[in-house]
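The following features are taken from Swiss-Prot:
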BINDING   GLY99, GLY101, ARG102, LYS118, ASP130, GLY131, ARG181, ARG188, ASP271  ATP binding site
ACT_SITE  ASP261  active site, proton acceptor
BINDING   ASN262, ASP271  Mg(2+) binding site
Amino acid sequence: MSLLAEDTAAADLGLRWKPGFRALGPAFLTELRPTPLPDPPYWVGHSEAAARLLGLPADWRQSEGTLAALTGNLPVAGTLPFATVYSGHQFGVWAGQLGDGRAIMLGETEGGLEVQLKGAGRTPYSRGADGRAVLRSSIREFLCSEAMHGLGIPTTRALCVTGSDARVYREMPETAAVVTRVAPSFIRFGHFEHFSASQRDAELRALADYVIDRYYPDCRSTSRFNGNAYAAFLEAVSERTAALLAQWQAVGFCHGVMNTDNMSILGLTIDYGPFQFLDGFDPRHICNHSDTSGRYAFNQQPNVAYWNLFCLAQALLPLIGDQEIAVAALESYKTVFPREFESRMRAKLGLAEPAEGDRALIEGVLKLMAAEKVDYTIFWRRLSQHMAGGNAEPVRDLFLDRAGFDAWLLSFSERHAQLPRAQAADLMLRSNPKYVLRNHLGQQAIEAASQKDFSAVATLLALLETPFEEHPGADAYAGFPPDWASTIEISCSS
């Protein structure tokens, strides 16, 4: 029986749909419908920017049918929902079959965007779990998805969060919520690992061909690797991943759970769980309370990404056909990451063009910051404001080692001596955000939302969508975290 939502009870979102990933067939997915929540849903937060990206009509939230549909309580006209199967390595250990345990794909729009409901109920891949998401984790994912987009970092998007008074149980009873996620593709490294590990080469090839033809068509005409399109594909994914990690490290973003099933094949930030933007700069910071070994510590992220790419290379080996070629396809990561990272850090310093000594300038200030765990975001913003004509004292006040910082600041000033200061200041203010989604800000929004006050979610979203702007009157959102912020524990259930 077809699950295609043609019945009169279906909600029409005003979107046209096409087969997309579903055309790969039943080996890759299971058709199913979301499980309705027992309590009436309500809007928690929404992104008009994501709505415009999808091409939704201006009044898209006015229909009760839309609210019900984006909570999983009503079918969406023209869709055939499904969940996908994948496998992966979790904390460095092969975990076997995983899959979309609480995410159900509505489908792909004619504009080429997949729409997914996260928290919409059990799937065949839920592994005994309830398939639900809780309000706190849903708000965090919604806000961070849009915050990363505001920062210019590749990411899945979030259209909205809907809530319900239905109870779900984690460490404590909580209320259920659903995030509507949007991306060109939600395909992960783990999708390839699944078919490779089970030696299903035909399905592995079909998946790789689908991804190459849809998202990496230039790999078909490459002269690299003797025209091996699969090796060229691996190299392209490596380069996108390297560029993504450079942006994470430059902005101070700690993902927290970089398992291979949480790695996007398109180089997007995906699966916002126990993430954190650094407060004090600690290269060894571990944001995930569940990560007792520190595998996913902030300074380990670039190495972990390369390890994950090596797992992808192993998965693609039946298609690439030569281990040496597969290893060679990974080499670009080692050049792209440092190049992109230094480029991002130079921009934070207001340096549009590279020069000898820039690396020492970057490493020098990071060392000073790490020694005293100086607030990462505030330091860079204050340095930008100093370059824009402000006093140096607000920057100096961040350091106890004034002599050490003054020596660095002198080197910084000498580097800029022959450069246009206004242009440098403009570059810095465009590269160093004033607002990031700090844990305590998210927590305050979550606590308010749990009392049905969603204004804090909307206020935060407005700031995070344009984080480089000053936003007069919002300085409280750009200040130092309160002492209690250090007691917030986030884990894989977050």
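From the backbone N, Cα and C atoms, a Cβ is placed for every residue, glycine too.
Listed in sequence order, the residues of the same chain lying 6 or more apart from GLY99 (ATP binding site) and placing their CB within less than 8 Å of its CB are ALA83, THR84, VAL85, TYR86, THR123, PRO124, TYR125. Of all the Cβ atoms in the protein chains shown, 20 others lie within 10 Å of the Cβ of ASN262 (Mg(2+) binding site). Within the same chain, residues at least six positions away from ASP130 (ATP binding site) with a Cβ under 8 Å of its Cβ are ARG102, GLY121, ARG122, VAL168, TYR169.
In this structure, the binding-site residues ARG102, ARG181 were compared by how many other Cβ atoms lie within 10 Å of their Cβ, and the smallest count belongs to ARG102. The C-beta environment of the residue listed as 'active site, proton acceptor', restricted to residues of the same chain at least 6 apart in sequence and closer than 8 Å, consists of TYR86, SER87, GLY88, HIS89, GLN90, ALA95, LEU98, ARG188, PHE189, GLY190, GLU193.
Of all Cβ atoms in the protein chains displayed, 22 besides its own lie within 10 Å of the Cβ of ASP271 (ATP binding site). In three-state terms derived from DSSP, ARG102 (ATP binding site) belongs to neither a helical nor a strand segment and is classed as coil. When every Cα pair among GLY99, GLY101, ARG102, LYS118, ASP130, GLY131, ARG181, ARG188, ASP271 is compared, the largest distance found for this ATP site is 22 Å.
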